[in-house]
């Protein structure tokens, strides 16, 4: 009886376990499945997976829907590929999906594409894919039947998933399907928010089709892969993968494994990344599918580029899944993972499945949340039809239509301009506009807005232009707004509002009723307040005079960078009649000054200057609109006839050129050199990517990189700077300007300016920073002048980084970062602009090198390789050796 009850209990437990697994396999509560291009409000359950797909109409506000060419609508084609939504209008079009679980969770996000000649043009497109405001990947379609899948694992920082398609003028972007799957929080744990799928293979898979849901509870797609001279093993019993660290690879995948036929061979997976700086995580899934006899052993080690990555050998467990993975991301020009048989093993290595992901580091900050909430409220209130989806200000090149933003350092972008003219707006001016506190320009003209002009518009202190023409506004103009207009602090346009009263009597009449109620207590209050104000004023006056009568020391604190105009007499006073010269350049002399107890640098235009007023004006106009911690701040300027001056923040430690030339006795350490280079690179990156249109500095050199008392570097001297076209097709063929040695040879030849001209110059500066040598030096053997790029190129062939690094550093430098920075510098200084990296890439490399130097990386010289020259991806291929 006891035996019978125990047997019944076992049977019940088995049935219950199977039931739980079936229920779990059917659970789609963490799924969002969208078929792009099917009619609005339609849905269906996929015949193969039973996943419910819905129309994309509720998740996107733009685009047109199409069916693919009937020629490609075969019975075997997944239903999601039979329709598409294309986006022929606008540079950026976004899907906005709100998963039920919201932010803080980890999701697998997948986009799928099949062209199918839906437009009958026979031209497969090429476009970019963004997740929110950061680039995810590029989508290249080879032909009508090519299926492209892009997958990313991402932890949400907001409640919304924004998937955006960006037009590159290489065909119309489109999308076939968008799928979002909730993952366990303990799955794919890394310090990074996003991992892009590189490869996911079912090794030794017996089927011809990929494995996915319901076999995989997370609906990962496993591609079967088999190799010649490899044995495939198939488990006779089911592999347990449910307790596998949360990964839970599909049981069908884990039931098969592959191993070399040659018992002495290893398994090798290797690939050469397109970019050697890309970082990868690799997850290898193992299960012994054959019960081994007692005299057989399967044991192996896992090596990366011939170095062990696990401290001990590994033996897969019979019918149980284990996952081995790297704790830290790996990178390099070539990555090779080897499963190496140990001496005591009688059997070769075995593997069931492998996943490889590339780290996607999101460098762009999202738009200020208050601004986002405000503009979304405005969109909802007025039903704005402008395809306002995704981040309003990011990416930098693709802000929302009719929105302009400011981009300062690493801070969140801010909305500074909103144009809603002729947008069919009705009702009153919404209070949400008051939360756009950095707004400079607001255009609400030619709508049907009613009611009064709200008082809060007068409190937007940054607002310099307000256009309310052509509406149905009524009542009086707010007093503050009228006062600001009278003081020419704001350009106020209100024509075309017949019921709007603009006379002074309106203001008096409007305020009279309010004031009469409070007039008696107000008079009594005013007397008391005036007395208090007078007392405070006298106290502050005393304090100010007392401070001035003290030591007279000059503060080293932060400056007030509010730009203002100064009279020439004030400039004379600031410089104490031009007492102390700090330096001299083509513009004129630079003098030391004191302004409001702060040190400043005052650049005076020489009347004999060859640069003159044009460069003066260019620098003033540029510095008035750009703000970044690595660009010198303009405090003010003077222009009285031929007398012109620029007042900057004071940079106590001179220029980078002073240190490299030996003019200063202090020798910059290796870490200080890297940090100064990073500072300068960040300043240039802001000019190139944070300004719209991009700005080219045109004269990047050590003398134009200033250093403050904290050894923080800032780019200076913008008199030669120019804006260039956003699309990169700049046709500026003005006279070539710059400094010999740093001047881009391609720009000098073609006279066509682009950001890559700055990158060339910065590469030369980097070589000077690394070597401590001048840009042009005379050869000891031929007595000819040799450029630093030629000298370094020659020394690279020796394979000894010590021959390149500044000898004043001795052995006090990190060889790994020295190699990296030298390679980056040489790539920047390539004679062809096409081979030069972007400043964003340079900044990323420098950040990594700074981190390495601070962590005390090894100082030994590495072998001579040039990862920057690796420009292909050979895929990831297993080999038996």
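Here the Cβ of each residue, glycine as well, is placed from N, Cα and C on the backbone.
Feature annotation (Swiss-Prot): of 820-850, 851-881, the stretch labelled region 'Disordered' is 851-881. What Swiss-Prot records as N-linked glycosylation site, among 404, 630, is residue 404. Looking up 410, 462 in Swiss-Prot shows the N-linked glycosylation site annotation sitting on 462. Checking the candidates 234, 653 against Swiss-Prot, the annotation N-linked glycosylation site falls on 234. Here Swiss-Prot gives transmembrane segment for one range in the set 498-518, 519-539, 540-560: that range is 519-539. Nearest neighbour of residue 739 (phosphothreonine) by Cα distance, taken over the recorded positions 648, 699, 747: 699. Per-residue confidence over the domain 'Protein kinase' (576-850) averages 85 (mean pLDDT, predicted model). A straight line from the CA of residue 747 (phosphotyrosine) to the CA of residue 648 (phosphotyrosine) spans 30 Å.
Looking at residue 699 (active site, proton acceptor) and residue 648 (phosphotyrosine), their Cα atoms lie 18 Å from each other. Close to residue 648 (phosphotyrosine) in the fold, though at least 6 residues off in sequence, lie 600, 601, 602, 603, 632, 633, 634, 635, 716, each with a CB less than 8 Å from its CB. A coil conformation is recorded for residue 699 (active site, proton acceptor) in the three-state DSSP classification, outside any helix or strand.
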